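Enquirer: Sharing a structure with you now.
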Amino acid sequence: CPGVPDETTAQKNQSFLVVKFRRTGESARSEDDTASGEHEVQIEGVRVGLEAVELDDGAAVPKEFANPTDDTFMVEDAVEAIGFGKFQWKLSVLTGLAWMADAMEMMILSILAPQLHCEWRLPSWQVALLTSVVFVGMMSSSTLWGNISDQYGRKTGLKISVLWTLYYGILSAFAPVYSWILVLRGLVGFGIGGVPQSVTLYAEFLPMKARAKCILLIEVFWAIGTVFEVVLAVFVMPSLGWRWLLILSAVPLLLFAVLCFWLPESARYDVLSGNQEKAIATLKRIATENGAPMPLGKLIISRQEDRGKMRDLFTPHFRWTTLLLWFIWFSNAFSYYGLVLLTTELFQAGDVCGISSRKKAVEAKCSLACEYLSEEDYMDLLWTTLSEFPGVLVTLWIIDRLGRKKTMALCFVIFSFCSLLLFICVGRNVLTLLLFIARAFISGGFQAAYVYTPEVYPTATRALGLGTCSGMARVGALITPFIAQVMLESSVYLTLAVYSGCCLLAALASCFLPIETKGRGLQESSHREWGQEMVGRGMHGAGVTRSNSGSQE
């Protein structure tokens with residue numbers, strides 16, 4: 001029972017104190033009533049006295065009293081009271097597998113493209129198209145997966161997308177000709193478009209204080225996936241070839257498909273869809289696994305039928321947020337995947353000036369000319385890929401200090417600065433260092449966007465909001481091969497200027513976002529004003545508002 005010291009709960013028939021909080025001005029009985037025994041309650045055979053404590057208007061209830069004497073609570077209350085524990089650790093690993101698989105499918109593009117360019121003698125535009133078709137599939141499906149997750153559940157959408165990706169990912173390894181692999185990789189991209197919904201599900205089970213750190217640490221699995229793909233390519237490509245690389249890259253998806261039956265549906269989604277019993281069963285399961293008590297009282301149902309509607313993203317409260325986030329996600333993916341593709345091109349040339357001089361020396365360059373990735377290229381690719389890890393750590397350190405908006409802006413500015421420094425003719429070591437820093441911060445910006453987006457949208461449109469943002473990111477990823485691979489052949493400086501300018505604009509967009517979500521709870525219903533939900537028990541000394549539902553925070 002919250003408010004009762006743990007060491008006394010086992011002692012029967014012993015009187016001890018339970019604190020009852022009352023706002024100043026609320027009707028209350030006198031202290032004499034308490035003394036006379038009218039404010040005594042029976043808890044598992046224990047005689048308990050209630051003591052009324054006056055709180056100034058707007059003052060916060062001390063956090064150690066989770067859901068004090070209220071007879072109702074919301075999912076947010078339960079998640080905060082249960083806290084972070086064994087259940088969230090399991091969910092972290094499972095969500096991480098989905099992210100690891102997504103990262104490997106993305107990283108394989110920069111390895112597969114030069115290999116097929118040489119093996120099948122493809123012109124440069126077909127190589128770029130092979131990369132772009134994956135992003136076409138992701139772009140076309142991201143909103144669909146978000147809508148499915150809002151309408152039919154987060155678990156349903158995620159399971160279907162993962163099984164789809166697994167099936168076509170393995171099937172693409174058996175493609176006999178270019179047209180077949182083009183279609184199959186496009187279908188893989190269609191499935192990958194639903195993987196970001198794992199963040200929606202994950203975020204809805206996390207207490208407020210742990211949310212930013214946990215979502216960022218999940219990005220470690222993305223970094224592990226990219227590094228693992230490069231290491232796998234080093235051993236598999238010379239001996240077994242690209243087909244086996246595609247098959248082995250599907251292993252994390254296979255593991256997720258086997259383990260996802262343990263995955264529960266989001267309690268927030270169940271409440272919003274009116275399924276109270278299922279939501280309570282899920283919360284009790286989490287409380288049992290974490291060894292924590294459930295809040296007292298009755299779970300409030302906040303049913304909303306029109307879930308997953310695009311118009312809800314463009315209400316007056318969210319219109320500018322949606323438009324700015326779309327551009328931020330576009331810029332993130334455009335720059336991140338552009339840098340991944342540029343890295344292999346720059347390493348093969350030696351540096352930026354090497355690309356320019358090579359083009360001057362070879363006036364009539366054949367579009368079918370190709371170079372396989374060397375062992376040195378793989379090692380340098382591995383080093384730049386390792387930058388994902390410090391990117392996570394830097395973002396983790398600053399996101400709760402600067403806030404989500406300033407973190408994204410800072411990451412964009414540093415990436416833009418490093419891109420401009422590539423204009424200088426630097427050696428291979430300095431080139432590797434600049435690419436390392438640039439990738440660390442653009443991946444950090446991506447991670448900050450993944451923290452901010454689920455926090456800013458309400459449960460009714462959270463999956464759709466994340467899905468549409470992910471779709472806009474895929475538009476950027478769709479365009480970037482033609483900049484990083486095709487435009488690069490015409491002008492390396494123009495290519496770098498495009499990426500740098502795009503990120504400077506994204507930094508401005510981050511600053512102009514109207515809502516800062518740092519220290520805020522997740523909003524449940526789109527029918528409420530933003531910020532009416534709980535601010536969180538982890539905020540010390542701050543006034544915490546009372547939600548419309550009557551649940552006291």
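Even glycines carry a Cβ here, placed using N, Cα and C.
Okay, so TrEMBL annotates it like this:
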| type | residues | note |
| --- | --- | --- |
| DOMAIN | 91-518 | domain 'Major facilitator superfamily (MFS) profile' |
| TRANSMEM | 91-113 | transmembrane segment |
| TRANSMEM | 125-148 | transmembrane segment |
| TRANSMEM | 160-181 | transmembrane segment |
| TRANSMEM | 187-203 | transmembrane segment |
| TRANSMEM | 215-236 | transmembrane segment |
| TRANSMEM | 242-263 | transmembrane segment |
| TRANSMEM | 317-337 | transmembrane segment |
| TRANSMEM | 381-400 | transmembrane segment |
| TRANSMEM | 407-424 | transmembrane segment |
| TRANSMEM | 430-452 | transmembrane segment |
| TRANSMEM | 464-484 | transmembrane segment |
| TRANSMEM | 496-515 | transmembrane segment |
Enquirer: Before we move on, state whether the transmembrane segment (496-515) and the transmembrane segment (407-424) share at least 3 Cβ pairs under 8 Å, counting only pairs 6 or more apart in sequence.
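Expert: Contact between the transmembrane segment (496-515) and the transmembrane segment (407-424): present.
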Enquirer: Is the transmembrane segment (242-263) in contact with the transmembrane segment (160-181), using three or more Cβ pairs under 8 angstroms as the rule and ignoring pairs under 6 apart in sequence?
Expert: yes
Enquirer: Under 8 Å between C-beta atoms and at least six residues away from its ends: which parts of the chain pack against the transmembrane segment (430-452)?
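Expert: 196, 199, 211-212, 215-216, 219, 222-223, 325, 328-329, 332-333, 335-336, 339-340, 342-343, 346-347, 351-352, 380, 383-388, 390-392, 394-395, 399, 404-405, 407-408, 410-412, 414-415, 418-419, 421-422, 469, 503, 506, 513, 517.
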